[in-house]
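K.L.:
Encoded as structure tokens, here's the structure I'll be asking about.
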Amino acid sequence: MIKMRVRFPTLVLLLGIVFLMAVSIGIAYGEKNVIKNHERPQEREQEERDPRQQPRPHHQEEQEREHRREEERDREPSRGRRESEESREEEREQRREPRREREQEQQPQHGRREEEEEWQPRRQRPQSRREEREQEQGSSSSSRRQSAYERREQREEREQEQEQGSRSDSRRQRNPYYFSSERFQTLYRNRNGQIRVLERFDKRTDRLENLQNYRIVEFQSKPNTLILPKHSDADYILVVLNGSATITIVNPDKRQSYNLENGDALRLPAGTTSYILNPDDNQNLRVVKLAIPINNPGNFYDFYPSSSKDQQSYFSGFSRNTLEATFNTRYEEIQRILLGNEDEQEDDEQRHGQEQSHQDEGVIVRVSKEQVQELRKYAQSSSRKGKPSKSGPFNLRSNKPIYSNKFGNFYEITPNRNPQAQDLDISLTFIEINEGALLLPHYNSKAIFVVLVDEGEGNYELVGIRDQQRQQDEQEVRRYSARLSEGDIFVIPAGHPISINASSNFRLLGFGINADENQRNFLAGFEDNVIRQLDREVKGLTFPGFAEDVERLIKNQQQSYFANAQPQQQQQREREGRHGRRGHIFSILSTLY
């Protein structure tokens with residue numbers, strides 16, 4: 001046990017000596033490799049290029065190791081100098097490393113700083129623009145009004161672009177006062193014509209709630225056709241917009257027929273049985289009616305005595321016993337003659353072939369020329385001069401226009417001038433605007449106008465309030481506009497300023513509702529201009545400019561009611577442009593000749 005204790009320290013000492021020798025040998029071998037690599041770089045590169053070289057034998061490696069030791073002993077005097085140089089080089093390298101680390105740490109910061117400097121102007125640009133805009137807005141009250149107006153113009157232009165690119169549903173939400181011709185719903189249609197009705201006004205917006213009991217109906221028929229007799233639970237005011245017609249009104253004690261031409265109008269009381277003939281051989285008939293339902297607001301029904309594929313006879317709603325007692329005839333006979341019998345014999349079909357074909361056609365049927373002549377034999381023409389009668393038709397252009405100049409004509413029949421429209425409180429207007437002309441801005445004091453495009457194309461601008469539920473000081477003005485074409489309809493609420501621009505010869509038909517004592521107030525023009533009638537002092541207090549400047553501006557427009565839609569400045573620029581081009585051409589010709 002004592003011997004083991006003595007040998008253990010000795011063993012540890014020997015192991016330490018061996019470890020130190022191994023370390024010294026490894027260091028010497030590493031330095032030898034460094035020297036060898038400096039002296040023989042070509043051999044090293046060759047070894048790296050050929051990694052597939054076979055490993056050398058162990059005794060050969062031992063010989064090479066001995067050879068290296070001998071060379072190291074031969075170079076022993078210069079080894080100290082080399083080690084000192086290497087130590088100095090290591091010190092220099094140690095001093096360089098902290099500097100490199102600092103540079104590497106600073107390099108990303110410089111990159112980020114450069115990126116921040118690069119992005120900083122971009123962030124500052126909007127801020128500088130806002131500051132400049134605020135400075136410009138703060139320069140004067142007029143510039144503030146102008147910038148607010150420009151912002152509103154830009155917003156409304158974006159809304160109009162979205163309106164033109166969107167579908168009809170989204171467009172309806174932005175402009176509830178405009179109804180395209182696609183908003184009509186077809187009631188009846190066959191090869192001879194069609195009857196359709198516009199959707200309800202109050203379904204579009206609450207702002208048209210007062211129009212819930214008014215509907216627009218349109219029917220068209222081909223030449224030599226007849227719309228079968230019917231009556232309705234609504235009052236009608238009908239207007240012929242295209243072609244000619246013969247309408248027959250049937251009362252319990254008499255029957256009256258009238259020949260109607262383009263522009264003729266007629267009141268058709270509720271419950272009156274009537275039928276309309278298109279007697280022309282070539283021209284289609286187009287009639288528009290304003291319907292005022294009696295029983296249910298916004299809903300009306302047509303009642304036909306005949307049965308066809310489109311509707312049933314109102315006789316079919318009675319019981320068999322009631323019909324037999326009413327006509328004092330067997331039910332089978334009533335069914336065969338009035339209602340139609342599906343079990344008719346073949347000889348009966350041949351005998352009544354014409355009546356059967358009319359049932360197959362529907363509501364609008366064809367008639368022969370002989371039948372046309374018979375139906376028009378006792379018809380009267382409309383009254384084109386003098387006061388309208390209490391029951392007969394009247395023409396919208398029978399009297400002189402109330403507004404007229406070289407740019408357009410404005411015809412109107414008011415309730416106090418027409419007994420047929422007096423109890424309905426309806427007025428009728430017919431407007432003709434020449435191509436390139438403008439109906440100057442105006443508003444109606446109490447009447448709501450429903451306007452239909454009869455012919456041509458144009459556009460309108462209606463000024464309203466964006467949110468009518470806000471307080472007065474928070475209300476914001478909005479412009480509602482739309483491109484108009486034939487068949488389109490738009491509504492002009494009372495008090496809302498409007499202007500209409502014609503891009504082609506434009507014809508409009510208007511129904512004025514709540515029209516009694518309505519007054520039309522123009523906002524520009526020489527006559528009937530309410531702005532012109534303001535006191536001079538009030539003009540200066542109302543507008544940003546001085547009173548004399550306001551008066552001079554108002555007097556610039558010498559026309560009344562209708563004017564040229566092209567601004568005077570633009571016309572002058574175009575004239576100058578044409579004159580400039582002409583002078584340029586003359587100068588070129590003068591150099592040539």
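A Cβ is built for glycine as well, from the same backbone N, Cα and C atoms used for every other residue.
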K.L.:
Looking at 377-399, 561-583, which one is region 'Disordered' according to Swiss-Prot?
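P.N.:
Here Swiss-Prot associates region 'Disordered' with the stretch 377-399.
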K.L.:
Give me the count of other Cβ atoms within 10 A of the Cβ belonging to Asn242 (N-linked glycosylation site).
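P.N.:
I get 15 for this one.
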K.L.:
May I ask you to report the DSSP-based helix, strand or coil state of Asn501 (N-linked glycosylation site)?
P.N.:
strand
K.L.:
Return the residues near Asn501 (N-linked glycosylation site) by Cβ distance under 8 Å, restricted to its own chain and a separation of at least 6 in sequence.
P.N.:
Ala437, Leu438, Leu439, Gly458, Asn459, Tyr460, Glu461, Ala565
